[in-house]
Structure formats: structure tokens, C-alpha cells
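A.B. asks: Have a look at the structure that comes next, please.
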Amino acid sequence: MKVFKQQLEQLGAQNQYRSIPDLIHQGRYITRENRKMLNMSSNDYLGLASDENLRRSFLQQYGGNFPSFTSSSSRLLTGNFPIYTDLEELVAQRFQRESALLFNSGYHANLGILPALTTTKSLILADKFVHASMIDGIRLSRCAFFRYRHNDYEHLKNLLEKNVGKFDRTFIVTESVFSMDGDVADLKQLVQLKKQFPNTYLYVDEAHAIGVYGQNGLGIAERDNLIAEIDLLVGTFGKALASVGAYAVCNQVLKECLINQMRPLIFSTALPPFNVAWTYFIFERLPQFSKERSHLEQLSAFLRREVAHRTQIMPSQTCIVPYILGGNEATLAKAEYLQRQGYYCLPIRPSTVPKNTSRIRLSLTADMTTDEVRQFAACL
């Protein structure tokens, strides 16, 4: 045990030690250590997680005859239920694509997709700032990979040109909305690049965009009218949609490859049908939340301006607003100060973000009021 204790002590000395907090949730507020705070760190972007009317409508819809609370098995064995197919068909229909496939989480999706669709003769080109789950999936793929500079498409093009004809297939991998900086990939440029090179596929993670952007809440790909051009469009139900699980939208051939070769799908007990039914209920209503999306954008634009006055770096274009302070100690101190003022703000440190870019990741939700965000900005 000595070596493990030393590792923990080293993390503590670097202000990188983590622990799981004890929290009580009350709508958009969180209570921690008897301190009630406005939650400025949530991914509940549309504010649906605590919407009692939605919850009541969902429960009344089933009248006590609820779907099973467990699947008890992988979908490929005895764990498949009609509600899974219903949701996949709904997702595919809304995206106007051939097929969709459900996963237990965004992490499961990103961990398993690339290993299932690549060989040792393949190439992966990933944005430098893609999520840790995508990096883990890339590592498990056991194929060649390079990380192009963040949103630097000249660098990406250079890598594509250097590797023409060397691999059986190439995957370009990116997020649409980046989870730590809140900036947005140029999907149009990525689609254009993909088309210039043979056997090249585009894989976009919309975890922080689904529900929030696009006329129907289908993400940046919908906003930019590019859904049909993206080979693998992945998103999560656990953020703006206030549920659990994830999906991939793709063609039928890729779906069947994933069903046959994706280990996290094949060897995991499927999500409880009850949760999938709740996801269906929310996803079906996604186009109806345009007022929430509009209000969230107004709040986000205001907070981005306020934070930009106080930091040298403001990459955000979304409701994820990084307040970059640099060092771990300063970031921890600022987070503690804001919590004392009644705002649940959390420090983000390396290795989650690059060294010397420690920050408070501010995340807005549509159930916040304009006055609440103004008062928070004054505390900064």
C-alpha cells in the first residue's frame, strides 16, 4: 500500500487530489456542507432534470404499468426490449438517417466505436482536445494515430496529405462543442476535408451540443445543415436530455459492424428499459424546447462577455464558459471564494486540461434567471 499512499500524497502536493463530494440536489441549487449554492457546474443545459411537470407527465403516461427496471443482460442475449428499437427508430427518423444505435453512456460509445471500426492498418486523426473517452478508444484501437492541433485544419490537411495511400481507412475524430473550452469545431471544413481524401470518415461527438443547438435541438450538425455528411454522429442523453445513455447515428453497414465488433456493447448489460422509456419521452419532445434554447443562448452571451473582461483567454462560443486562471492554487482559491458567495463552481485542473490552464468551468442552464447570472457575474 505504501506506493499507492505516496501517489496520493504527490497528488495532494500538486493540488490535484480529487474526492467525491456529498451533495443534496434541489432543482438548480446544490447543498454541500450545509451551504446552498446555485449550481454553475451542471451539464443539465435545458434545465429539464428537475422539471416536475415533465416527470409527472411521464409517470402518468404509464399509469403504474412501468417498463422493467432492469434488462438483466446484454442486448445480444436476452436484454433487448421493444423500447430500445423504438428509440433507435425515433432518433434515426429525427436525424433523417438510415439507422441509430444506443449505448450505455457516452464513455461506452467513445471507448468502443473506433476499436470496432478500425484495423491495425487504419489511421486515426484526432483533434488535440477531444474528450478522454475518445482518447481511450483511440488507444484501444491499436492503429496509427496523430493528434492535430486544436481546430487547426491546415495541420489536419497536412497530415491527411502525408498519409495518402498508406492506410486502409482514415477516421477524423472531433467534438462539435468542446467540453472544457466551450468552442466549436468547423464541421463544414471537416466535411470538405473528408471528401478530398479517399476512404476517410468523419466521427463527431455532439455530447455538449445535442438538445442545445439546431432548430430541433439536434446539435451543431443540424445547425450547420451537415447531418447527412457526417459518417458517425455521436451524442449523449445524460446532459441536456436529462437522462442516461448515448447514441450513434450512421448508416446500416456501420451499425451492423458495431453490433458485431464493439465490445462495450456486446459485453455490457443493457440500460434499464425504464430509463430508455424516459429518454424516448424527452427526445420526442426535443423540438418543443426552443424557448429554453433561446434563453440559454442569451444567458451564455452575457456571461461570456463578463468573463472575457477578467481573463486573457475566452475561446467559448457556447454555454460552457471557461474562467481560465492558470495555476492550480489560484483556481482552487477562486472556486472556494465563489462557493462562499453561494455559487457551486468547480476547479478543473491538469490532466483534464493542459498545464497552466487550470480554470473554473462555468456551465449555464436554461432554468437560471437573468438576474441570477447577473449577480454571479458581479461576484467575479
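Each residue, glycine too, has its Cβ placed from N, Cα and C.
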A.B. asks: In Swiss-Prot, GLY106, TYR107, ASP205, GLU206, ALA207, HIS208, THR236, PHE237, GLY238, LYS239 are given as binding pyridoxal 5'-phosphate, so which of SER122, SER179, SER268 is in that site too?
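C.D. replies: Only hit among SER122, SER179, SER268 in Swiss-Prot's pyridoxal 5'-phosphate site, alongside GLY106, TYR107, ASP205, GLU206, ALA207, HIS208, THR236, PHE237, GLY238, LYS239: SER179.
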A.B. asks: Among HIS108, HIS131, HIS150, which residue does Swiss-Prot annotate as binding substrate together with ARG18, THR352?
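C.D. replies: The record-listed residue among the candidates is HIS131.
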A.B. asks: For LYS239 (pyridoxal 5'-phosphate binding site), identify the closest of the binding-site residues ARG18, HIS131, THR352, judging by Cα separation.
C.D. replies: HIS131
A.B. asks: Whole number in angstrom, please: the longest C-alpha to C-alpha distance across GLY106, TYR107, SER179, ASP205, GLU206, ALA207, HIS208, THR236, PHE237, GLY238, LYS239 for pyridoxal 5'-phosphate.
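C.D. replies: Max Cα-Cα spread across the pyridoxal 5'-phosphate binders: 15 Å.
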A.B. asks: Any idea what the Cα distance is from GLY106 (pyridoxal 5'-phosphate binding site) over to HIS131 (substrate binding site), rounded to a whole Å?
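C.D. replies: Rounded to a whole number, the Cα-Cα distance is 10 Å.
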A.B. asks: Closest of the binding-site residues to THR352 (substrate binding site), Cα to Cα, picking from SER179, HIS208, PHE237?
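C.D. replies: Smallest Cα separation from THR352 (substrate binding site) among SER179, HIS208, PHE237: SER179.
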A.B. asks: Apart from GLY106, TYR107, SER179, ASP205, GLU206, ALA207, HIS208, THR236, PHE237, GLY238, LYS239, which residues in this chain have a Cβ no more than 8 Å from the mean position of the Cβ atoms of those residues at the pyridoxal 5'-phosphate site?
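C.D. replies: Apart from the listed residues, the neighbours are ASN43, ILE210, VAL234, GLY235, ALA246.
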A.B. asks: So if I measure Cβ to Cβ from SER179 (pyridoxal 5'-phosphate binding site) and keep only same-chain residues at least 6 apart in sequence, which ones fall under 8 Å?
C.D. replies: HIS131, ALA207, HIS208, ILE320
A.B. asks: Quick one: Cα separation, ARG18 (substrate binding site) versus PHE237 (pyridoxal 5'-phosphate binding site), in Å?
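C.D. replies: PHE237 (pyridoxal 5'-phosphate binding site) has its Cα 26 Å from the Cα of ARG18 (substrate binding site).
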